Amino acid sequence: MPESLAITKFSDLANPTRFLGLAARILPWMAGITAILFALGLYLTFSSEGDYQQGMTVRIMYVHVPAAWLSMMCYSVMAVSAIGTLVWRHPLADVSHKTAAPIGAAFTLIALATGSLWGKPMWGTWWVWDARLTSVFVLFLMYLGLIALNRAMDDPGKAARVSAVLILVGFVNIPIIKFSVDWWNTLHQPASVIRVDGPTIDKEFLWPLLIMAIAFTLLFFTLHIAAMRNEIWRRRVSAQRRMAARMAGQTPAKEA
Amino acid sequence: MTALLLRDLKLSIRSGGGALIGVLFFMTVVAVIPFGVGPDLNLLSRIGPAIVWIGALLSALLGLDRMFQTDREDGSLDLLLMQEHPLVLTVLIKCLAHWLGNGLPLVIASPLLGLFMNMSEVAIGATMLTLLVGTPALTFIGAVGAAVAVALPRGGLLVSILVLPLAIPVLIFGVSASYAAVEDPAPFMPPFLILVAITMFFAVIGPIGAALALRNTAD
Amino acid sequence: MTHTFYISASYIVAAIVILCLIGWVWLDGRARQRELAELEASGIRRRSARPAPTDGAAL
Amino acid sequence: MRLTAENLSARRGEDLIFKDISFTLGAGESLVLTGRNGSGKSTLLRTVAGLLRPETGRVAWTSDGAEAGMRAAEACHYLGHRNAMKAELSVSENLAFWKDCFGDFSGGRGISVGEAAESVGLGGITHLPFGYLSAGQQRRMAFAKLLVAWRPVWILDEPTAALDVNAESVFTTLIENHLAAGGILLAATHQPLGLQNAQELKMTGFAGVMENVW
């Protein structure tokens, strides 16, 4: 098969079989690099000094910020896939946004939990209803709602289109989360890494944070590709079972 | 009978099951309260137990109408009615399975919502405990409503209307026990024991009433 | 409570959630592969894989 | 071993569907109800199965081992229009549940789930979710439900609807085996089931409104 040439073409990546082949090849590498980055990141995290203002608790940042970043990036990935579903009617796009939802929910949960654990010593309370926290919580509910929607519908194609519409409508929440700390005066501190005028954060914290962020991002993509592969397998099993049911009807029934 | 329990549990977990949706509804209902009353943490912690209880009550009502409806639609209910086992026992098992699939997740999710309402640790513990004891009563009361409404089109709404007034005592004693745990002069045990008594009372009355209704609505 | 408690708690929570996620993806994949193998064993194949089963299609 | 109905009458809403129907069926005997749509076949079957309260009369089951006052329904299998199987569960989960729930009635034993599926001609697909099956296959699996637990009386409401000729002959064979084993059959049908020496009861439907009540 002349696949070496065609593999570069996006349209051929569309072929689930081709995707499975690619996934099988790159998944071990991605998993390995993720593990190495996590080891390095965690080492840097625990060897760094505490912040003079926030003390040792600044170490929570190295989990909290990457998780919060992923909770938004995952939704953006889902939004792109949703466009893929609605505009190009791409079967892999369906699979992509369906499988990203549980992963996104998990990372949002980490962001909420670690934020809460950071807030208790800093602000003296587990939870406040300020703009940033509330909008992230709404994001979490949206992830769960999408999971429930996908589970509630029998026909995966229809479920994918309906949830794609919902994902795109819900995308308005992402800018609200990102800019909530600038637009409203909240307890949550403003962004210090991704800014127009360059990061304000101290170099000492920046490196571990960056490495942890890259490690988390790679972890997300590894899990997402693996989950997509599972979903493709699941649909294959389902298709083959349906076919098996049809074939059993055609063979002459045995006399009892 | 274990087979029936396991089957109903499997159905509540597999696709289309109500467990996840109930919890999600619970979280959403409680999460909109601060938007309505404002993010004042002191106020929220004061009304917290009541809000969590009302949220749990509404979410428990949500899945009730499906309790016998699905079995009726595919004809399983007919076969269950014909069997040798007393119908009361069958209904009791179905209630138990329904509570494990829909009520227990609410109890497990309640501490999280307690944190969101800025409740103290004691208040969260008390609310969770009262929900653990009180939600079975909601299921047993709901079973009667679900059995009465089983043959009706759009029975879901009717179940809520039928069940809500009966559930008020559960709400009263559940909330007052939760408050008694945090507010000093009031003792915790009397309302809590009344709540236990209500649950045990409905555990007897509910299945009997539901069995009676199911026998009489068959057509 | 000390700050160490909050730090270790948040790392533990994150680790538990991530391990659950990895475990879910891993076990789900294993289960799907087993189902495909069972179907294969009972003689049901994808149409494209039936004439000459290749690596990718037979997975 | 005898299934007796005495002076049965039943109504739907305010209409009296039939009145004063009596029959007695012994071991190996069968009764086939015929008649046009709405003639009360299903109503009679549901009354015998104990799912509808008869207006007058009673259904009784008598046999050596049976205790007095036992509901006749406990000796019956009922296969209605609906299959009583869950689309979300696999065929074997469905059948195993009903096998466990029914239990065997005294005087016989049910066969295993695999054998039951085999005898309706669908042995290889019990691991599939019930919802994946076609309407005819679903009906056959619903029929397999009668085989997993022993009941002397089979009450079948249009058992062969949605089935092809081939499957019908399978059903007829299974019913004949059941009768040969000392079973009793009560069936409503449009198509002839091809049973030898079956009694036939022609339902006419609508025996009048309840004029004596109002």
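We number each residue from 1, going along the chain as drawn.
Each residue, glycine too, has its Cβ placed from N, Cα and C.
Any TrEMBL annotation is an automated prediction that lacks curation.
Features as listed in TrEMBL:
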DOMAIN    A:25-188  domain 'Cytochrome c assembly protein'
TRANSMEM  A:26-46  transmembrane segment
TRANSMEM  A:66-88  transmembrane segment
TRANSMEM  A:100-119  transmembrane segment
TRANSMEM  A:131-150  transmembrane segment
TRANSMEM  A:162-181  transmembrane segment
TRANSMEM  A:205-226  transmembrane segment
Long-range neighbours of the transmembrane segment (A:66-88), counting only residues six or more past its ends (CB under 8 A): 94, 96-97, 100-101, 103-104, 107-108, 110-111, 114-115, 136, 139-140, 142-143, 146, 160-161, 163-165, 167-168, 170-171, 173-174, 177-178, 209, 212-213, 215-217, 220, 224
Considering the transmembrane segment (A:100-119), which listed stretch of A:26-46, A:131-150, A:205-226 counts the most C-beta pairs under 8 Å: A:131-150
Distal contacts, the transmembrane segment (A:131-150) - CB-CB under 8 A, six or more residues away: 68, 71-72, 75, 78, 98, 101-102, 104-105, 108-109, 111-112, 115, 159-160, 162-163, 166-167, 170, 173-174, 176-177, 180-181, 183-184, 186, 188
